[in-house]
Amino acid sequence: MQWLRMTTEEVERSVRTKIETGLTEKEVQKRLGVYGANKLDDGKRTPAFLVFLNQFKDFMVLVLLAATLISGLLGEYIDAVTIMFIILLNGILGFVQERKAEKSLDALKELSSPQMMVNRSGVWQKVLSTQVVPGDVVKVTSGDRIGADIRLISANGLRVEESSLTGESVPVQKHASPLDAKDASLGDQENMAFMGTMVTQGNGVGVVVNTGMKTEMGKIAHLLQSTESLVTPLQHKLEQLGKILIAIALLLTALVVIIGVWQGHDVYTMFLSGVSLAVAAIPEGLPAIVTVALALGVQRMIKRRAIVRKLPAVETLGCASVICSDKTGTLTQNKMTVTRLWSGGKLWEVSGNGYEPSGAFRLAGVEVLPERERALQQLLSYGAICNNASLMTRSIKQGMLRKERTEYVLDGDPTEGALVVAAMKAGYSTEGLNDQYTRVMEFPFDSARKMMSVIVKDKKGRSFIITKGAPDVVLSQCTTISYNQQTEAFTSSRRTEVEGVISNLSSKALRTIAIAYRPLKANEVCSQPFEAERQLTFLGLEGMIDPPRPEVKGSILECREAGIKTVMITGDHRLTASAIAKELGILREGGQVLEGRTLKQMSVEDLEGCVDDVDVYARVSPEDKLKIVKALQARGHIVAMTGDGVNDAPAIKAANIGIAMGITGTDVAKEASSLILSDDNFATIKSAIKEGRNIYENIRKFIRYMMASNVGEILVMLFAMMLGMPLPLVAIQILWINLVTDGLPAMALGMDQAEGDVMKRAPRSPREGVFARGLTWKILSRGFMIGAVTLAAFWITLEAHPEELIRAQTVAFVTLVMAQLIHVFDCRSEYSVYHRNPFENRYLVGAVLISVLLMIAVIYYPPLQPVFHTVALDMREWLLVLGMAAIPTVVLGGFQLFKRR
Ligand code: ATP
């Protein structure tokens with residue numbers, strides 16, 4: 001409370017800091033030691049040993065453990081110890097998977113954790129909010145989520161939304177003056193900004209006074225248990241399905257046991273086999289593997305610069321049918337360069353590259369000296385005064401000889417940077433202009449107003465307002481025009497002339513900025529933008545190029561082939577937008593361009609009627625994006641929508657996949673999003689969609705593999721019992737198959753590469769079940785075949801050696817293992833095993849090799865033979881095994897291929 005009443009100096013003194021220089025790195029480290037990291041304690045997490053114990057809480061595993069204990073007591077030591085060992089190994093595997101999934105989810109959280117702009121030793125820099133300490137001097141701007149409790153030192157039209165603290169959703173106007181209030185409630189502390197609240201407008205500077213649990217937010221932290229769901233719809237569905245599968249598996253194993261006992265088998269042996277079969281057949285590992293597959297996919301996405309904030313988005317990505325993308329920075333490079341200038345009837349061209357401040361001015365093709373062009377000078381200098389960007393230099397070493405070269409880097413908005421660079425080409429530096437003109441006030445740019453203005457005072461004490469912004473908007477506020485150094489009335493013929501120039505520049509894909517001004521009367525005060533930005537004198541136009549990102553055109557084409565439409569939404573002029581959209585292949589033959597002002601007058605229902613024909617939305621305010629999302633969704637689309645500003649947040653939230661920009665995006669947009677592009681690039685959305693489709697397919701692949709394997713295992717036992725045969729597999733063999741043959745390759749399938757045509761298929765319907773597209777049939781038919789060939793191999797061997805049951809069981813065991821290990825390659829393709837190179841997935845080849853080697857050890861290594869009830873097989877038996885094992889996949893797949901041809 002004491003902060004409210006303090007002056008700036010008092011605040012500085014009490015937290016031992018200086019506004020101009022901030023804290024030093026050394027001091028920050030010291031304070032971090034005293035105050036701790038700036039974060040709220042999150043809830044308790046489950047300790048590792050509990051996670052480990054959880055692996056064994058499954059009912060059937062407990063029954064198996066009990067059964068093993070009994071068999072141990074009965075003297076079957078080897079069996080008991082081996083089964084225990086296998087269960088333990090299974091538990092460890094489950095534990096490792098779960099931990100891995102948890103770790104990668106934690107890493108995700110860290111990646112999207114907020115940063116703050118801090119003054120450290122006089123240099124403004126972005127640091128992780130956790131590293132901010134009391135005494136840090138921080139800057140906050142529109143769109144920021146404030147990361148600590150701050151006493152404001154300056155505020156510029158600063159409005160903060162504090163609903164997370166006070167419940168009040170109307171943003172509060174903030175200022176920096178000392179307050180007299182004795183016991184002001186949080187909502188009344190207008191010179192403070194609190195952790196967790198967000199800046200909706202303006203900017204400000206402040207001093208951090210409290211961090212971490214000491215903040216107002218920290219005091220109520222226990223109330224804020226995060227309710228963010230980490231379970232995807234698919235995981236949820238699988239959990240439900242798992243229950244049904246367990247019931248079926250239990251029913252079938254009970255059937256195996258009952259028939260076995262009825263056929264005269266020993267009750268104890270049947271019980272142990274039955275329980276083992278149940279443990280093997282119950283897909284208890286499914287949810288964990290799904291999580292691992294999702295987590296691994298998410299890791300791959302991070303490598304492609306897409307950060308998933310909400311896991312369910314991974315699945316939805318595969319269903320996306322429309323991408324609504326911002327233009328500037330996402331489709332284009334956001335490296336603006338002014339190439340044309342117009343004022344008072346003259347059109348200049350400027351040469352030069354990027355932010356390098358050198359270039360020549362030409363008028364009608366003839367080089368001119370900017371010093372001689374008064375109108376040009378005024379236009380350029382005003383463009384640089386009404387501006388917050390600045391150009392900095394950095395020396396870099398290049399080439400083999402490490403030659404030093406100066407590189408220009410921009411600090412600020414690229415549109416403004418372009419204006420600064422253009423002015424520098426004519427000799428105006430930001431410092432020089434700041435010297436001549438003192439800024440009194442600023443009305444910051446916002447995408448809805450599409451203008452920015454400053455009030456400045458010159459050396460002679462004259463004040464005036466300079467406005468820059470979208471030309472059509474600025475034009476509507478101008479009543480006079482500066483022409484040939486004269487201020488004239490803005491007649492309709494002059495207007496037509498200017499509009500012609502705007503169209504001309506825009507149709508060349510140039511972003512055009514208009515500049516206007518007005519001298520202020522002696523005691524005129526303007527506290528709101530609308531009071532200042534009126535009755536202006538039109539000065540001229542600056543047109544800048546913003547080249548498309550080279551990789552975007554290809555990505556848009558790829559999306560189209562994948563049945564995904566790309567729509568451009570931009571605040572830019574209709575003609576600028578159309579020109580770039582055409583170049584990128586977004587605006588098709590017959591496609592429509594809808595303008596913001598038309599859009600404003602339409603209802604969602606109106607828009608629904610034409611939304612499928614619109615390729616480009618121009619001069620749109622962020623607020624209108626929500627309407628576009630709703631209309632598209634009403635047409636049944638799954639919409640991905642990009643955004644960066646505060647006003648984009650509602651649309652990002654409403655979209656099926658909300659995408660925020662990692663570089664230019666505000667905290668508010670990021671928090672509303674489910675995906676962040678760390679490079680702001682459209683091509684990254686395409687990669688993420690491709691990965692999303694692949695992750696889903698991979699999950700289907702291992703569900704297919706695991707379930708077909710389980711069906712095979714149950715059917716071998718069931719058929720054998722029904723046919724009155726001896727047991728084809730003993731308990732330990734079943735458990736071994738469950739651990740090695742089912743486990744490893746299934747995980748490797750989760751890391752499989754995308755099948756060649758994933759981006760040539762139409763988007764998946766979100767209503768599609770996991771087993772759609774014939775998966776049930778594939779699982780049942782392959783499972784049945786695997787069971788049948790195993791039983792056949794068993795029967796043939798038993799006929800040949802009626803007295804050697806162990807030999808026949810070994811053959812059955814090896815056939816089942818090999819049939820599954822061949823079948824796993826079939827699961828990689830929607831079509832057949834012949835559609836893909838089997839060696840492509842190195843993990844899978846490795847997993848299969850390990851499984852084969854372990855199996856060979858089990859049957860040939862004499863000490864293991866009694867443990868696993870096996871004997872060494874000879875050549876003829878191997879031929880039988882391989883011949884039989886190949887039938888379900890190689891032979892049937894070949895047959896299918898032949899039929900298709
Ligand atoms: P996109 O929507 O394609 O990403 P954008 O978000 O950059 O584009 P806005 O920032 O809303 O679009 O800009 C809309 C218009 O406002 C621009 O076409 C330009 O004319 C004008 N404008 C952009 N930046 C500024 C600025 N800093 N000052 C004044 N006017 C600006």
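Heads up, the Cβ atoms here are built off N, Cα and C, so glycines get one too.
Keep in mind it's a predicted model, so treat the numbers as computed, not measured.
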Requested in this report: Would you mind telling me which of 77-96, 717-736 TrEMBL tags as transmembrane segment?
Outcome: 77-96
Query raised in the report: Are there residues at least 6 beyond the ends of the transmembrane segment (244-262) whose Cβ is under 8 Å from a Cβ of it, and what are they?
Result: 60, 270-271, 273-275, 277-278, 281-283, 707, 710, 714, 717-718, 721-722, 727
Report summary line: Checked against DSSP, the composition of the domain 'Cation-transporting P-type ATPase N-terminal' (2-76) is 44 helix, 1 strand, 30 coil
Query - Residue numbers, six or more beyond the limits of the transmembrane segment (268-296), whose CB comes under 8 Å of its CB atoms - result: 58, 60-61, 63-64, 67, 71, 74, 79, 83, 94, 97-98, 100-101, 104-105, 232, 234-235, 238-239, 242, 245-246, 249-250, 252-254, 256-257, 260-261, 311, 314, 695, 698-699, 702-703, 706-707, 710, 713-714, 717, 727, 729-732, 734-735, 737-738, 742-743, 746-747, 750-751
**Report entry** Residue numbers, six or more beyond the limits of the transmembrane segment (48-71), whose CB comes under 8 Å of its CB atoms
**Finding:** 79-80, 83-84, 87, 90-92, 94-95, 98-99, 250, 268, 271-272, 275-276, 278-279, 282, 284
